Amino acid sequence: MADRVVLAYSGGLDTSVAISWIGKETGKEVVAVAIDLGQGGEDMEVVRQRALDCGAVESVVVDARDEFADEYCLPTIQANALYMDRYPLVSAISRPLIVKHLVEAARAHGGTTVAHGCTGKGNDQVRFEVGFGSLAPDLDVIAPVRDYAWTREKAIAFAEENEIPINVSKKSPFSIDQNVWGRAVETGFLEDLWNAPTKDVYDYTQDPTVNWQAPDELIISFEAGRPVAIDGKPVSVLEAIQELNRRAGAQGVGRLDVVEDRLVGIKSREIYEAPGAMVLINAHQELEHVTQERELGRYKRQTEQRWSELVYDGLWFSPLKVALDTFIEKTQERVSGDIRLVLHGGAIIVNGRRSNESLYDFNLATYDEGDTFDQSYAKGFVQIHGLSSKVAAKRDLGL
């Protein structure tokens, strides 16, 4: 068997061009591996055939939709993970799964080298190569887009010169990454921060400012932090995401226009659509507010930010991230119950919570007669709680 390069293949411009380029420059055969992560309406058989048309000797499609939902999206839900408090890690959580399957394909197809189509400006180069280093440090890595400073214009020209089938032109230069968890759009006129996104940027969501539909009220049920039913109908994690993508997307929920801090030190503008992700994270977070003890909840919120940063920075397999996984999993033991919410006009409005694990005690919380909270405890508590501040104030004020 000839020496082979196993390429992470998306079906897009950069990786389609990379197949032909790698063959010409290295003389090695290219095996294209495309991972089905629920990429919207994209036909994976078309993607597989496109790789062969571009010159791959083999083209493999891996159906990883349930694996992605159960092992990557679910931990993101349970971590309430929003990088910079906004981005639900649409692309970031898919990269370690792609790395895993690329390594498996390299072992199965005689690959000694793995390749990706990432640029030198983005985060994905780090996510891929740190992942390869964690799972298969013996494999070589090549990154033609980065290492040879391809521009989109050069890539398009190369594709046209070599008759490579692509779905992009200089007039429509968006770079799009999508999976069942969400959709990311960048480049083109979006690079000017003052330019508003046009309607052709969006695909997963309807415009929340026009043609409003009737509000959609629904109930999401969780068991140990895992979504298990919608409106009483049992669902897998994948089915929950898909159903909420449909219903929330129809209400314009999940549109995000973000300027984010990339790992490589630059700021980047991204347009995200993540209707199902945003609904599930919001609902899960609300249920935690009901079921988690205060100090546990406070500490978990600190770990959520760090977990999000680690995943964004490509450290999915790092010891710290793995340790935080264990902590977060422990916190989910009593996160069970129902969250009722309304989707309308791009908004997520929680209006009901119930749980057998609830720490909300009506008799303690009520201000009506018959409450069981003994207010005689309050005066001494306030004095003790503020004592150190009071002592410091006397010193600072010279009293």
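Cβ coordinates are placed from backbone N, Cα and C, and glycine is handled just like the others.
Listed by Swiss-Prot as binding ATP are Ala8, Tyr9, Ser10, Gly11, Gly12, Leu13, Asp14, Thr15, Ser16; the candidate from Gly110, Gly111, Gly117 that the record includes in that site is Gly117. Proximity note: of the listed binding-site residues (Ser10, Asp14, Ser16, Tyr87, Ser175, Glu260), Asp14 have a CA within 10 Å of the CA of Thr119 (L-aspartate binding site), given in sequence order. Annotated ATP site Ala8, Tyr9, Ser10, Gly11, Gly12, Leu13, Asp14, Thr15, Ser16, Gly117; additional same-chain residues within 8 Å of its Cβ mean position, judged by their own Cβ, are Val17, Ala18. Closest by Cα distance to Gly12 (ATP binding site), from the binding-site residues Tyr87, Asp124, Arg127, Tyr272, is Asp124. The two recorded residues Arg127 (L-citrulline binding site) and Ala8 (ATP binding site) have their Cα atoms spaced 13 Å from each other. Ranked by Cα separation from Ser10 (ATP binding site), the binding-site residues Tyr87, Asn123, Ser175, Tyr272 are led by Ser175.
Cα of Ser16 (ATP binding site) to Cα of Asp124 (L-aspartate binding site): a distance of 17 Å. Long-range neighbours of Asp124 (L-aspartate binding site) (same chain, six or more residues apart, CB within less than 8 Å of its CB): Ser91, Arg95, His116, Cys118.
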